[in-house]
Amino acid sequence: MTSAPATPADHVTVRVPAKVNVQLAVGPPRPDGFHDLANVFLAVGLYDEVTATRAGGLELTCSGPDASLVPLDGSNLAARAAVRLAAHHNLRPDVRLHISKDIPVAGGMAGGSADAAGALLACDALWGTATPREELLAICAELGSDVPFPLVGGAALGEGRGERLTPLPVGGAFHWVFATADGGLSTPAVYREFDRLTGGRAPEPAPSAELLAALDAGDATALAAALSNDLQPAALSLRPSLRETLDAGTGAGALAALVSGSGPTCAFLAADADAAELIAKALAASGTCRTARVAASPARGAEVLP
Ligand code: C5P
């Protein structure tokens, strides 16, 4: 095992987006415990930044309002990404990673997955390893079902357990409000509740033609009518108070409301940017959420900042 080859930069910062699932169709449990999905990811303009700096070993720090909720040990997906990339190139994972966190933690917006994708790209640039895109995506898929998407950004259909991506065309901007909740929801627990509610007999998942057409057309009204999340009943079953959050957003004029991924963040689609600001203010005043943030989509995938 060798040290990483020298490159001119002593640190690299990557910006990486959150996601919302505009369709999350979930099948029955597979023999490996995962579920086949038709998972339509849309990247949204809430970002974490991951900075990789030369160091004598692997170190991890985090800043931001939710930093205290982020594990800083070897279980952190960003640290695991650095270790995995180093092993791929027979290098030591000598890097200090700093996550500047703005994506809600354990919120169903794939913030931990975004940090892993960001760490991979940042380490690859810092170490000068020039890993081909296909190999980076394969490492992402090993790290977690949601990790490949933030590398790609835009919109994509995720099949298999969500890791097999096909990019999708998006014809315009969509404006969202995200209402965060106190405390996360465990993704495995939400899938278990989904299995309990469906008796393990959910139909095979398939992408919605109406939804793909609405994305392609950039038509917010059509997208609102087609949004769906099969995990929402399970998230609501585990956290019934989310119903009040969803109702507060639709009462404030959202075109549609849904739980984001496995929750507990709730996503509201607005007609335009001004409507999103009004819905966010109403949600913040409603007492049904911790924070309400506006964000536009689609957003670009992970990229090295100049
Ligand atoms: O792939 P990832 O590590 O993000 O998955 C976290 C957990 O979510 C899995 O352990 C599994 O319980 C559940 N999951 C699933 N089916 C998927 C994706 C995730 O059951 N397609």
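Cβ coordinates come from backbone N, Cα and C, glycine included.
What TrEMBL says about this protein:
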type: ACT_SITE; residues: LYS19; note: active site
type: ACT_SITE; residues: ASP146; note: active site
type: BINDING; residues: PRO104, VAL105, ALA106, GLY107, GLY108, MET109, ALA110, GLY111, GLY112, SER113, ALA114; note: ATP binding site
type: DOMAIN; residues: 76-154; note: domain 'GHMP kinase N-terminal'
type: DOMAIN; residues: 212-286; note: domain 'GHMP kinase C-terminal'
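All features noted in TrEMBL, drawn onto the structure.
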| residue | record | Cβ contacts under 8 Å, 6 or more apart |
| --- | --- | --- |
| LYS19 | active site | PHE41, LEU42, ALA43, VAL44, MET109, ALA110, ALA114, ASP146, PHE149, PRO150, GLY261 |
| PRO104 | ATP binding site | ALA18, LEU46, ASP66, GLY111, PHE178, THR180, THR265 |
| ALA106 | ATP binding site | LEU69, GLY112, GLY183, GLY184, LEU185, SER186 |
| GLY108 | ATP binding site | LEU185, THR187, ALA235, VAL259, SER260, GLY261, SER262, GLY263, PRO264, THR265 |
Ask   = Just going by other Cβ atoms within 10 Å, which of the binding-site residues ALA110, ALA114 has the emptiest spot?
value = ALA110
Ask   = What is the one among the recorded positions GLY112, ASP146 whose Cβ has the most other Cβ atoms less than or equal to 10 Å away?
value = ASP146
Query = Can you tell me the three-state DSSP label for LYS19 (active site)?
reply = strand
Ask   = For the recorded ATP site formed by PRO104, VAL105, ALA106, GLY107, GLY108, MET109, ALA110, GLY111, GLY112, SER113, ALA114, which further same-chain residues have Cβ atoms within 8 Å of the site's Cβ center?
value = ALA18, ILE103, THR265
Request  = Can you see whether DSSP assigns GLY112 (ATP binding site) to helix, strand or coil?
outcome  = helix
Key: Stretch-averaged pLDDT - the domain 'GHMP kinase N-terminal' (76-154)   = 97
Query = Helix, strand or coil at ASP146 (active site), per DSSP?
reply = coil
